[in-house]
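S.K.: Pulled from TrEMBL, these are the listed features:
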type     : residues : note
COMPBIAS : 75-87    : compositional bias 'Basic and acidic residues'
DOMAIN   : 610-701  : domain 'DYW'
REGION   : 64-87    : region 'Disordered'
REPEAT   : 128-162  : repeat 'PPR'
REPEAT   : 263-293  : repeat 'PPR'
REPEAT   : 294-328  : repeat 'PPR'
REPEAT   : 395-429  : repeat 'PPR'
């Protein structure tokens with residue numbers, strides 16, 4: 001949908017006056033405190049005084065004090081002067097303050113705050129505005145709440161009287177460090193506010209997701225003060241957070257009326273808002289209208305296309321950005337790496353990796369973490385490790401990405417070793433870290449180590465296990481055949497069991513062919529997720545494996561009654577930079593005859609090693625018609641095509657939209673053995689790394 005600038009210019013301010021309201025559904029939720037019912041935009045605003053003039057000034061106990069004129073010196077006796085000098089004269093601190101300012105200027109914030117301890121401990125130093133400004137920068141740079149409290153407390157106890165600039169800096173320090181309650185108190189008590197003060201507190205509220213309160217302050221500001229492009233851009237971000245495109249359009253209109261519609265910040269905020277509110281056409285229009293397309297603008301429109309699943313369009317915009325000569329940053333490359341992951345294209349990722357290095361971001365932590373994640377997801381664990389090892393600086397997310405990669409490929413021991421190395425390097429694990437390492441233990445059947453790590457969460461790291469951590473432990477117990485213990489773990493959980501926990505027990509019941517427990521877990525899942533197909537399919541396979549054909553038929557009838565249908569399965573493989581897609585029994589490929597002949601020859605070869613087709617297999621998202629084409633499942637066709645069209649001895653990478661069935665799993669294990677190839681299959685459940693007749697999953701998935 002194309003939106004012309006004329007349509008915004010034609011909106012009268014009187015129309016805006018009565019239209020800037022939340023929809024009735026949101027208004028109903030907040031009926032006790034309507035946000036926009038009594039407010040409107042008026043461009044002929046009267047200039048009033050600050051509505052909070054009556055708020056009392058700062059005191060030493062309450063906060064910063066306003067600047068007061070210094071008292072004139074009076075005549076004193078010698079004894080009075082001596083006493084005054086002893087009690088009130090502050091010692092010069094030029095050397096210490098100068099060093100603090102230099103350290104902060106060089107971004108050595110931690111050292112600056114360590115030096116500040118001298119001022120704290122000894123006290124009585126004469127500290128100037130420039131030093132306080134440097135300390136504020138250090139607090140913001142470190143994001144340390146403790147540092148903010150130290151510096152602010154010293155300001156108060158030292159009798160510092162801030163001017164307007166420094167009051168805004170102190171407010172910004174609290175906002176940037178997430179201390180919004182204290183920041184709001186400071187803002188309310190400020191004797192004077194300017195545009196910077198309003199923008200700081202409103203932007204802070206938007207950053208923490210308090211969009212309603214941000215709008216309250218914005219409307220108050222609108223009545224009594226001017227607002228600039230930054231304010232409009234911030235409120236457009238708030239509209240995006242609330243996903244209220246109607247409010248965003250009114251702000252767009254206001255920006256045009258104020259003459260800031262082409263401002264860079266406003267344009268980028270509009271692109272983001274329209275994208276998040278579901279109108280990629282309006283986002284594209286806002287991008288096209290930018291007089292100067294900046295890096296942030298390009299990133300915003302690319303992210304918008306990616307958000308809506310238009311991966312190829314996003315990639316096309318990336319190439320346009322590259323050809324336009326606009327400088328690309330690490331966010332650009334990080335997005336394209338994720339888009340390449342969605343397109344399952346290792347070739348695109350390699351090109352982006354090369355561009356990352358060429359543009360000087362080869363050591364960037366965000367982009368390299370995205371690369372580690374991509375290579376891990378697409379079977380290139382060695383490449384992921386290589387990128388990880390070359391990173392000069394790593395954060396918790398970086399460590400998590402590689403641990404997840406190891407775990408998904410069945411490298412459980414390596415994942416545990418990496419986790420232990422992480423602890424040795426004093427990195428703090430989070431709940432995602434423990435989920436990754438417990439999942440790795442589950443995929444590699446490291447029961448004892450997994451149990452130890454699970455217990456260490458709350459004991460050593462003060463992290464309460466969540467439902468997903470319990471699900472991993474249930475899988476571990478299921479692999480050991482300890483179904484009673486797994487069931488007891490669910491019943492003894494300190495919270496209501498989730499669908500993931502029951503699903504883990506259902507899988508354990510299937511693998512261990514425990515019909516009664518599997519049926520019980522399935523019933524629990526039906527109540528939580530009555531429309532989720534995979535729950536029915538797993539139970540269906542339990543009945544098949546147990547020979548309960550009547551019960552299996554009942555499950556199929558339930559599926560038909562609910563209108564649930566198993567989708568056709570699909571597998572694809574990338575050869576010579578081109579993806580080839582296969583459906584089960586598919587005969588549309590140009591090499592169909594050659595592919596089917598290859599499958600037949602492979603079946604004959606692996607039959608010598610004990611392969612027998614499993615006629616009762618339906619696991620797990622497999623269409624019923626596929627029982628008649630069992631030998632030509634999509635994964636077998638993809639493997640055969642890869643063997644025909646790649647060099648002897650090279651590994652194969654298969655991707656599919658369903659969990660691999662038992663028959664194909666057994667067949668590919670033996671194909672890897674007879675062809676001496678490494679075959680990696682990424683299914684809807686996990687990675688399967690086939691080599692020398694075995695699989696990394698240990699036949700548990």
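Quick reminder: no glycine exception, Cβ is built from N, Cα and C everywhere.
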S.K.: Go through the chain and flag residues at least 6 beyond the ends of the repeat 'PPR' (263-293) whose CB is under 8 A from any CB in it; none is fine as an answer.
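M.R.: Here the qualifying positions are 1-3, 5, 229-230, 232-234, 236-237, 239-241, 243-245, 248, 252, 255, 300-301, 303-305, 307-308, 310, 324, 326.
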S.K.: Averaged across the repeat 'PPR' (128-162), what pLDDT does the model get? Just tell me the whole number, please.
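M.R.: Overall, the repeat 'PPR' (128-162) comes to a mean pLDDT of 89.
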S.K.: Would you mind splitting the repeat 'PPR' (294-328) into helix, strand and coil residue counts from DSSP?
M.R.: 27 helix, 0 strand, 8 coil
